[in-house]
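*Asks:* Quick one: structure below, then a few questions.
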Amino acid sequence: MKAVLILGLLLLSVTVQGKKFEKCELARTLRRYGLDGYKGVSLANWMCLTYGESRYNTRVTNYNPGSKSTDYGIFQINSKWWCNDGKTPKAVNGCGVSCSAMLKDDITQAVACAKTIVSRQGITAWVAWKNKCRNRDVSSYIRGCKL
């Protein structure tokens, strides 16, 4: 019985850790999901954005006390506007998705939500992109990746 409990806890800890992508692994993944050039945004800009928001980590969350909302996952999808975490007051859930889906290793739903956001608001919806990527040479974010 103890062995089953320990195994269960180990499996739980694996799912809770999330995934921290390597640079080129994420670049290939985002390209495969069709983000390279999506709505005019280059792959290097998406890479800069995800580095600035989460350091390529699917498990990152950040609470925003002013809006009582939380940003989730590799793209830091906000619970007030884009996903439902069940606790953010007056949440809109523009992507029609649970915020917990933004924290998964499989970033399919996170990418779909990011596409929705950029389609409606443009890349400037992300503060990290405005502060760290806009009007900068972002080529280093994909340099060395065999794409």
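Every residue, even glycine, has its Cβ placed from backbone N, Cα and C.
Relevant sequence annotations retrieved from Swiss-Prot are reproduced here:
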type	residues	note
ACT_SITE	GLU53	active site
ACT_SITE	ASP71	active site
DISULFID	CYS24-CYS145	disulfide bond
DISULFID	CYS48-CYS133	disulfide bond
DISULFID	CYS83-CYS99	disulfide bond
DISULFID	CYS95-CYS113	disulfide bond
DOMAIN	19-147	domain 'C-type lysozyme'
SIGNAL	1-18	signal peptide
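Neighbours and distances for these, please.
*Replies:* Secondary structure at GLU53 (active site), as computed by DSSP, is helix.
Taken residue by residue with DSSP, ASP71 (active site) is part of a strand.
Secondary structure from DSSP puts CYS24 (disulfide bond) in a helix. Close to CYS24 (disulfide bond) in the fold, though at least 6 residues off in sequence, lie ILE142, GLY144, CYS145, LYS146, each with a CB less than 8 Å from its CB.
Under the three-state DSSP scheme, CYS48 (disulfide bond) falls in the helix class. The Cβ neighbour count for CYS48 (disulfide bond), using a 10 Å radius over every protein chain in view, is 25.
Note on CYS99 (disulfide bond): other Cβ atoms within 10 Å of its Cβ, all shown chains, come to 26. Under the DSSP three-state reduction, CYS99 (disulfide bond) is assigned to helix.
For CYS95 (disulfide bond), the same-chain residues 6+ apart in sequence whose C-beta sits under 8 angstroms from its C-beta are ILE77, TRP82, CYS83, GLN109, ALA112, CYS113, THR116, ILE117.
Counting residue by residue with DSSP, the domain 'C-type lysozyme' (19-147) contains 56 helix, 14 strand, 59 coil.
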*Asks:* Note the mean pLDDT of the domain 'C-type lysozyme' (19-147), expressed as a whole number.
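*Replies:* Summing pLDDT over the domain 'C-type lysozyme' (19-147) and dividing by its length gives 98.
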*Asks:* Neighbour count first, Cβ atoms within 10 Å, every protein chain included; then name which of CYS83, CYS113, CYS133, CYS145 tops the list of disulfide-bonded residues.
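*Replies:* That would be CYS83, with the highest Cβ count within 10 Å.
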*Asks:* Ten-angstrom check, please: count other Cβ atoms within 10 Å of the Cβ of ASP71 (active site), all chains counted.
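*Replies:* Result for ASP71 (active site): 24 neighbouring Cβ atoms inside 10 Å.
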*Asks:* Looking only at C-alpha atoms, tell me how far CYS48 (disulfide bond) is from CYS99 (disulfide bond), rounded to the nearest Å.
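*Replies:* Distance (Cα to Cα, whole Å): 22 Å.
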